[in-house]
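Trainee: Below you will find the structure I want to go over with you.
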Amino acid sequence: MAKKERPRPEKLSVYLYIPNIVGYMRVLLNCVAFAVCFSNKPLFSVLYFFSFCCDAVDGWVARRFNQVSTFGAVLDMVTDRVSTACLLVILSQIYRPSLVFLSLLALDIASHWLQMYSTFLAGKSSHKDVKDSTSWLFRLYYGNRIFMCYCCVSCEVLYIILLLIAKNQSENLLNVVVATLTQISPLSFLLALTLFGWSMKQTINVIQMKTAADVCVLYDIEKQQKP
């Protein structure tokens with residue numbers, strides 16, 4: 001007796017998951033934001049930050065309606081990385097030395113790509129599973145949502161502030177930051193607050209890249225030792 005074939009899941013249904021639709025909205029918001037990033041900085045800031053906030057919304061919606069999907073997770077991470085990369089490229093055209101922002105871009109992409117690939121090699125279901133990490137800061141980042149949120153928000157807000165306070169092309173980054181911090185204003189307080197969270201995030205990115213590289217090397221060693 002022939003076995004009945006299981007019905008194939010509809011691809012379209014996954015594309016139309018509510019959290020994935022939120023993801024498409026994020027992409028659209030970012031497209032509009034970057035289209036006006038030089039002509040209307042305040043509008044860019046509002047659209048970009050709103051898109052960033054939707055990052056938390058799509059995750060909550062996915063869990064609330066049981067619509068967690070691999071496609072959604074990939075869409076979420078790609079949107080995050082691309083939007084941050086675009087903003088860093090813009091800042092590299094405004095401030096000098098531009099290498100600062102290009103280095104941050106390289107670190108962000110390299111650390112997250114290595115982390116995702118090492119997660120695949122280790123057979124883990126999520127790149128946020130770092131319970132076996134020897135770094136307490138790395139475990140704290142992925143284990144404490146409040147701390148993670150603070151670090152991520154600090155990075156994005158800092159980059160937005162730098163875009164808003166730039167008056168001319170080819171600004172000196174250090175001079176602008178020091179001048180803003182010495183003004184003793186709500187903006188200087190916010191800048192200082194975000195600088196600390198930003199520094200934590202970059203430290204974690206370095207740890208993440210090194211930890212992921214270790215996993216890849218360990219995988220190669222174990223592969224060579226197999227008969």
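In case you wondered, yes, glycine gets a Cβ from its N, Cα and C as well.
So Swiss-Prot says this about it:
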ACT_SITE  Asp80  active site, proton acceptor
BINDING   Asp55, Asp58, Asp76  Mg(2+) 1 binding site
BINDING   Gly59, Arg63, Ser69  CDP-1,2-diacyl-sn-glycerol binding site
TRANSMEM  12-36  transmembrane segment
TRANSMEM  42-61  transmembrane segment
TRANSMEM  73-95  transmembrane segment
TRANSMEM  101-122  transmembrane segment
TRANSMEM  142-165  transmembrane segment
TRANSMEM  177-200  transmembrane segment
Trainee: I'd like to know which of these recorded positions, Asp55, Asp58, Gly59, Arg63, Asp80, is least surrounded, judged by other CB atoms within 10 A.
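Mentor: Selected from the recorded positions Asp55, Asp58, Gly59, Arg63, Asp80 on minimum Cβ neighbours within 10 Å: Arg63.
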Trainee: Using DSSP with the three-state reduction, classify Gly59 (CDP-1,2-diacyl-sn-glycerol binding site) as helix, strand or coil.
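Mentor: DSSP assigns Gly59 (CDP-1,2-diacyl-sn-glycerol binding site) to helix.
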Trainee: Around the Mg(2+) 1 site recorded as Asp55, Asp58, Asp76, what other same-chain residues have a C-beta within 8 angstroms of the site's C-beta center?
Mentor: Pro19, Val22, Gly23, Arg26, Cys54, Ala56, Val57, Gly59, Gly72, Leu75, Thr79, Asp80
Trainee: Cβ pairs under 8 Å only, please: of the recorded stretches 12-36, 101-122, 142-165, 177-200, which one is richest in them relative to the transmembrane segment (42-61)?
Mentor: 12-36
Trainee: Around the CDP-1,2-diacyl-sn-glycerol site formed by Gly59, Arg63, Ser69, list the extra residues of the same chain whose Cβ is within 8 Å of the site's Cβ centroid.
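Mentor: Surrounding the site, in chain order, are Pro19, Asp58, Trp60, Val61, Ala62, Gln67, Val68, Gly72, Ala73.
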Trainee: When you scan the chain for residues with a C-beta under 8 Å from the transmembrane segment (101-122), skipping those not six or more beyond its ends, what do you find?
Mentor: 77, 81, 84-85, 88-89, 91-92, 95, 129, 202, 205-206, 208-209, 211-213, 215-216, 219
Trainee: Which residues, given as numbers and ranges, are at least 6 beyond the ends of the transmembrane segment (142-165) yet have a Cβ under 8 Å from it?
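Mentor: Sequence-distant neighbours of the transmembrane segment (142-165): 37, 41-42, 44-45, 48-49, 52, 56, 84, 87-88, 90-91, 94-95, 128-131, 173, 176-177, 180, 187, 190-191, 193-198, 200-201, 204.
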Trainee: Between Gly59 (CDP-1,2-diacyl-sn-glycerol binding site) and the residue listed as 'active site, proton acceptor', what is the CA-CA distance rounded to a whole number of Å?
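Mentor: Computed Cα spacing between Gly59 (CDP-1,2-diacyl-sn-glycerol binding site) and the residue listed as 'active site, proton acceptor' is 13 Å.
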